[in-house]
Amino acid sequence: MSDLNKLGLAEARDALRKGEVTSVELTESCLTAIDAADALNAFVHKTPEIALERAKAADERIKGGDAPSMCGLPIGIKDLFCTKGVPSQAASKILEGFKPEYESTVSQQLADAGAVMLGKLNMDEFAMGSSNETSVYGNAVSPWRRGNDDAQLTPGGSSGGSASAVSADLCLAATGTDTGGSIRQPAAFTGITGIKPTYGRCSRWGIVAFASSLDQAGPMTKNVRDAAIMLEAMCGHDPKDSTSAELAVPNFEAMLTGDIKGKKIGIPKEYRMDGMPAEIEKLWADGAEMLKDAGAEIVDISLPHTKYALPAYYVIAPAEASSNLARYDGVRYGRRAQLAQGDGITEMYEKTRAEGFGHEVQRRVMIGTYVLSAGFYDAYYNRARKVRTLIKKDFEDAFAAGVDAILTPATPSASFGLGEMTEADPVQMYLNDVFTVTVNLAGLPGVSVPAGLDKQGLPLGLQLIGRPWEEGDLLNTAYALENAAGFVAKPTKWW
Amino acid sequence: MSIDQSTAAKVAKLARIKVEDDALPALASEFNTILGFIEQLNEVDVEGVEPMVSVEPMRLKRRQDVVTDGNQQDKVLANAPDAREGFFAVPKVVE
């Protein structure tokens, strides 16, 4: 077999079990692809020794007939996950040199399931961004281009390195995290599949915290079946995360029948925004038609508070971030600024955080500090939390009316050029998450499925939103959409 | 509500982030852009609505108040920028 790095998880798993290929061969193929793809700046800490060691162990297990679900499958890990003895910086200067003494629950579960870690993936600093332009490692670059135009495009963010790496076949799949759209938006920008599960499905322990009530990990994969396989390995109750759900994890892959007859799919009218590109509008209508052809019933629904999701998010997420990021004080881990003669502890905090945090992170920490400060707490933070209650209720009402899943565009546009948004005000960048952020606020599962190309030849994705804890049913609907859309485009290799 | 330079300076101080004086006008302007966006929330009728604490209406789990981990001083200090004699070291604290 050649081009083993181009396989998906399910294909590689089946080939491994049939003895057609070894994990070492798969892993070496990916390592070669990674070394040839430095131009994408996706892998920022490569771990070939760990990868080959785990691949050899996986081959032994497969030979011994003891192969767990991800055995021998090479994947990338977002830099936000703490990985024992391997730099885990959340793409921030302030965590320079930090090598955790422990492993995050999710990456441990993947390792226990036999997965092979190839290295750590680029991202926006502390997962704050939608274009992977806030990383201390520099921009991650999309493998996609606008036809023959060689302008560099964003793979999206914050899981931009994960998206770039999976799309460019540097690994079979990757982990991502999603606080406002950070799995689904980059997946849509790069023509891959990404699911954010229900809040509480995946343990947050050992994942560098951004906004704790919104953060969830999830897989970024080449197709829906792979997402089902990898999600199952990542999920499960963890006593070390107090919000982790004590629920059994179903066999998601076994639920992929492709049969969605009689399912009710809601189309929320509030997602039809002014100025939405005609291509996105058409993609959305085509998607609804595909699901209808597959036997689903399409119904118009209303989610009246949609418009207020982004402003509520930009109160709640910075507020939680300002609290979570208080721990970066130059004392316990990471970087401490050089101090001048006579500087005390306050100067140490202030200088360390000024030079350690990038611009966007500083801005969000300060916005969070402001909305939580005395006199503004009720006007901003409590009001936003009340609006969040109303946003969740919008979804509850739709589900109570019998809707099984909701179909929306994943993003308001295709990928844009790196640097193209530099001059725009921060709110323009925040609008990238307009279709995804509601899902985090309501704690629901959401999946992005590649569904077409725009006229520049760039991927576009559709999002399906499911009922809480029903990722299996959601993935099955995504599977039906994937089958109907038949998206097979790949970026032309230029790197 | 509009943020002036002195408010921006106060917020930076509260957040323990050093911001030079000449950077304050730009910072205040960015805050105002974002807060202007957030102001939309005032259009929503939130009378009688409970502020959300957690998306899942569950009580945080409790556990026995016992030691579950420990005796890892070396590991705890391994990543410290300055650790001496088993402690984190910081500049002199004078109040």
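Glycine too: its Cβ is placed from the backbone N, Cα and C atoms.
In TrEMBL, annotation is done automatically, which means it is predicted and not curated.
Owing to the predicted nature of the structure, the values given are computational and were not obtained by experimental measurement.
Per TrEMBL, the features are:
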type: DOMAIN; residues: A:25-475; note: domain 'Amidase'
type: ACT_SITE; residues: A:Lys78; note: active site, charge relay system
type: ACT_SITE; residues: A:Ser158; note: active site, charge relay system
type: ACT_SITE; residues: A:Ser182; note: active site, acyl-ester intermediate
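Feature map: annotations from TrEMBL on the structure.
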{"residue": "A:Lys78", "record": "active site, charge relay system", "CB count, 10 Å": "31"}
{"residue": "A:Ser158", "record": "active site, charge relay system", "CB count, 10 Å": "37"}
{"residue": "A:Ser182", "record": "active site, acyl-ester intermediate", "CB count, 10 Å": "36"}
Q.
Quick check for the class: what is the C-alpha distance, in angstrom and rounded, between A:Lys78 (active site, charge relay system) and A:Ser158 (active site, charge relay system)?
A. 10
Q: Would you mind pulling the DSSP three-state label for A:Ser182 (active site, acyl-ester intermediate)?
A: coil
Q: Could you state the whole-number distance in Å separating the C-alpha atoms of A:Ser158 (active site, charge relay system) and the residue listed as 'active site, acyl-ester intermediate'?
A: 5
Q: Tell me, roughly as an integer, the mean pLDDT over the domain 'Amidase' (A:25-475).
A: 97
